[in-house]
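These come from TrEMBL:
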type     : residues                                       : note
BINDING  : G212, G213, P214, G215, T216, G217, K218, T219 : ATP binding site
COMPBIAS : 1-20                                           : compositional bias 'Low complexity'
DOMAIN   : 191-544                                        : domain 'UvrD-like helicase ATP-binding'
REGION   : 1-27                                           : region 'Disordered'
Amino acid sequence: MPEPESASGSASGSPSPSGADALAREKAHLAASRSALRTMREEVEALDIADVTANWVNKQAMEARTEQRIRELADLAHTPLFFGRLDYSGGDHEGHQFYIGRRHVHDGAGEPMVLDWRAPVSQPFYQASRTAPLDVDLRRRFGFTGGELTAYEDERLTGPAGPDPAPRTGRLLQEEIERPRVGPMRDIVATIQPEQDEIVRSGLGGTVCVQGGPGTGKTAVGLHRVAYLLYAHRERLARTGTLVIGPNRSFLHYIEQVLPALGELEVAQATVADLVARVAVRAVDSPAAALVKGDARMAEVLRRALRSHVTPPGEPVVVERGSRRWRIPAYELAEIVAELQERDIRYGAAGEALPQRIAHAVLVRMEEAGEAPDDRVQDAVARHHAVKAAVKAVWPRVDPAKLVLRLLSEPDFLAAHAEGLLDEEEQRAIVWAKPARGVKSAKWSAADAVLIDEAADLVQRTPSLGHVVLDEAQDLSPMQYRAVGRRCSTGSATVLGDLAQGTTPWATAGWREALAHLGKPDAVVEELTAGFRVPREVISYASRLLPHMAPGLTEVESVREAPGSLDVHEVPGGAEGAAEGAAEGADGELDAAVVGACRTALLREGSIGVIAADSRIPALAAALTAAGLAFLDPGRETTAESRLTLVPASLAKGLEYDYVVLDEPAEVVDGEPDERTGLRRLYVVLTRAVSGLAVVHRRPLPHQLTGWSPADPA
Ligand SMILES: Nc1ncnc2c1ncn2[C@@H]1O[C@H](COP(=O)(O)OP(=O)(O)OP(=O)(O)O)[C@@H](O)[C@H]1O
């Protein structure tokens with residue numbers, strides 16, 4: 001371990017260096033650490049694996065590992081090698097200084113120059129406080145500008161209280177959050193807050209569910225938790241795998257760089273639709289049909305329908321071998337079948353076990369007759385055509401997609417298995433008006449694909465991963481929770497969501513029930529209440545909607561004041577004129593006002609999101625183009641040259657922009673099938689801005705936002 005002098009370069013015992021000197025020493029440590037990292041990389045690059053690998057396969061594997069290691073050791077120009085320092089004044093590390101960074105760096109003698117943020121000795125960087133200093137005397141946070149170390153911020157955790165910044169409002173934290181965004185989501189490793197850190201470091205064994213309002217850092221926490229788990233349980237998770245599940249491609253694209261920036265390159269990403277993509281999805285269900293298809297009762301309907309394929313044996317099995325015939329009577333076959341049905345094994349596995357069970361019964365008879373058959377005889381009997389024929393009749397193979405197809409095509413078949421589970425109206429809601437002819441030509445919906453996935457799991461167990469992060473979970477149906485749950489049945493999960501942002505007809509009403517569907521009823525539910533993204537003025541405005549669409553949920557408490565961050569601009573013309581414009585999907589004056597707001601936002605640094613009801617997107621796209629303002633769609637990465645993104649409200653969830661221009665809130669609400677969902681959608685889009693929100697409207701704002709009630713006199 002380095003002594004204070006060697007780690008910081010500070011002259012021990014001399015008067016405390018001036019700020020400038022201290023900064024110079026820290027810069028020197030950064031330069032020395034960079035050079036040590038370069039040496040580490042050069043050592044890996046120079047490894048001659050030809051000497052240590054005996055064969056081609058090993059060589060390939062070693063080469064891949066070496067390449068990955070070289071990538072992990074890259075010194076990224078704009079990613080500081082360390083962001084903090086801890087000076088220990090007690091415990092095992094008394095008198096030592098540690099620099100905390102994204103990865104471990106050591107010098108030629110193997111002494112650490114930078115410690116991985118995930119190491120136990122780094123934890124006080126996130127957790128220590130004046131009330132619980134955890135043996136740490138000083139915590140230093142570094143500020144960087146374009147990869148250059150330019151500032152630091154100290155907190156004394158022991159001795160008389162000084163003018164230290166409270167961690168929540170620290171200048172560096174504020175600057176970090178407000179640093180203009182271009183490109184994908186960034187990591188928060190330098191500024192993880194204590195309550196976030198507790199979730200990040202919670203053990204691999206347990207499932208954690210995090211409820212948190214917009215911008216409380218749920219996504220960030222989930223991704224950092226994966227990085228932490230990979231550090232703490234690398235071998236196990238390398239074997240079993242990790243997966244991050246997000247709501248759509250744009251969102252996954254937005255978050256995809258966070259884990260690589262933390263040195264983790266092997267985490268898979270998918271949407272729920274990707275996980276269950278066994279058939280091509282080409283149809284959209286009515287809300288009523290999707291609601292029934294997503295209900296957990298469908299799991300039981302499927303189970304019954306599948307099991308109905310087992311037919312009680314009516315005939316004996318007669319196996320001829322040489323001059324002898326062995327006969328297993330029907331009642332004995334029925335006993336074997338009943339025993340398999342009672343056991344908790346998958347339909348397919350039981351079907352595969354049946355021939356061996358029948359063969360075993362034959363062997364018992366052979367032994368009783370004085371023969372001494374061995375395993376080979378049993379295998380031969382199991383493959384005998386009479387046994388195969390019996391198995392086919394009693395326990396036929398079932399194709400999961402065909403099973404669902406039949407349920408949705410044949411009202412009688414559905415009724416037989418939905419009895420006591422779905423009422424007649426519910427059954428009618430899901431049966432296809434026009435029965436499909438085959439699996440390939442059927443017009444499957446997203447919910448149908450989930451049903452097929454459930455059926456497939458009833459036939460054959462879905463392999464489980466080691467850990468799954470499920471983001472924006474509040475929008476999943478019970479059947480979708482089950483689909484995710486079977487992918488972490490022997491592993492654990494991090495479930496992230498906000499009940500107030502649920503915008504599907506089946507949105508999660510409470511986490512306990514959702515976790516039961518996921519198969520993790522004992523998961524711990526944590527709450528994050530501090531808001532990092534949205535400034536106080538904006539979150540208070542958006543939170544006016546809460547009592548109307550998610551009563552009981554408390555307002556997020558923003559850690560940031562940003563006076564002037566909210567601008568509500570009314571375009572004259574009012575209710576009458578706007579109605580016609582809206583009907584045509586175009587409204588020249590409103591469009592012009594939105595373009596104007598974009599121009600104003602473009603004068604500042606950072607990303608700009610223009611968010612509008614999906615129906616307004618074509619008109620706004622045309623207006624922006626006519627005004628010469630280039631824009632991206634949310635699946636594309638912003639760059640310094642193209643900072644403007646046109647976002648349909650339905651895709652805004654989970655995303656964020658430095659500045660948001662929100663077009664016509666009333667239209668966003670009207671774009672949803674009911675008012676509650678509309679207000680929730682509005683809440684989502686009102687909470688996407690980091691530095692400023694401009695609301696541009698011509699129609700009256702929804703009264704829940706203005707506080708005006710329809711009952712009030714005008
Ligand atoms: N401790 C932190 N330090 C710095 N930035 C943070 C911290 N926690 C969160 N943030 C930032 O706040 C913003 C919101 O975080 P994130 O997207 O994870 O929130 P969320 O709870 O998932 O939001 P939503 O519910 O809207 O999806 C991001 O820019 C993130 O980097």
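Cβ from N, Cα, C; glycine included.
Where the annotation comes from TrEMBL, it is an automatic prediction and has not been curated.
Counting Cβ atoms from all protein chains shown, G217 (ATP binding site) has 24 others lying within 10 Å of its own Cβ.
In this structure, the binding-site residues that sit close to ligand 1, with a C-beta under 6 angstroms from any of its atoms, are P214, G215, G217, chosen from G213, P214, G215, G217. Taking the mean position of the Cβ atoms of G212, G213, P214, G215, T216, G217, K218, T219 as the ATP site, the remaining same-chain residues with a Cβ inside 8 Å of that point are D498, L528, G531, F532, R533, V556. Cβ neighbour count for P214 (ATP binding site) (all protein chains, 10 Å cutoff from its Cβ): 25. Secondary structure at G212 (ATP binding site), as computed by DSSP, is strand. The binding-site residues under consideration are T216, T219. Their Cβ neighbour counts within 10 Å are lowest for T219. Among the binding-site residues G212, G213, G215, the residue whose Cβ has the fewest other Cβ atoms within 10 Å is G212. T219 (ATP binding site) falls within a helix when secondary structure is assigned with DSSP. Non-local neighbourhood of K218 (ATP binding site): V210, G212, D471, L496, G497, D498, L528, each in the same chain, at least six residues away, with C-beta under 8 Å from its C-beta.
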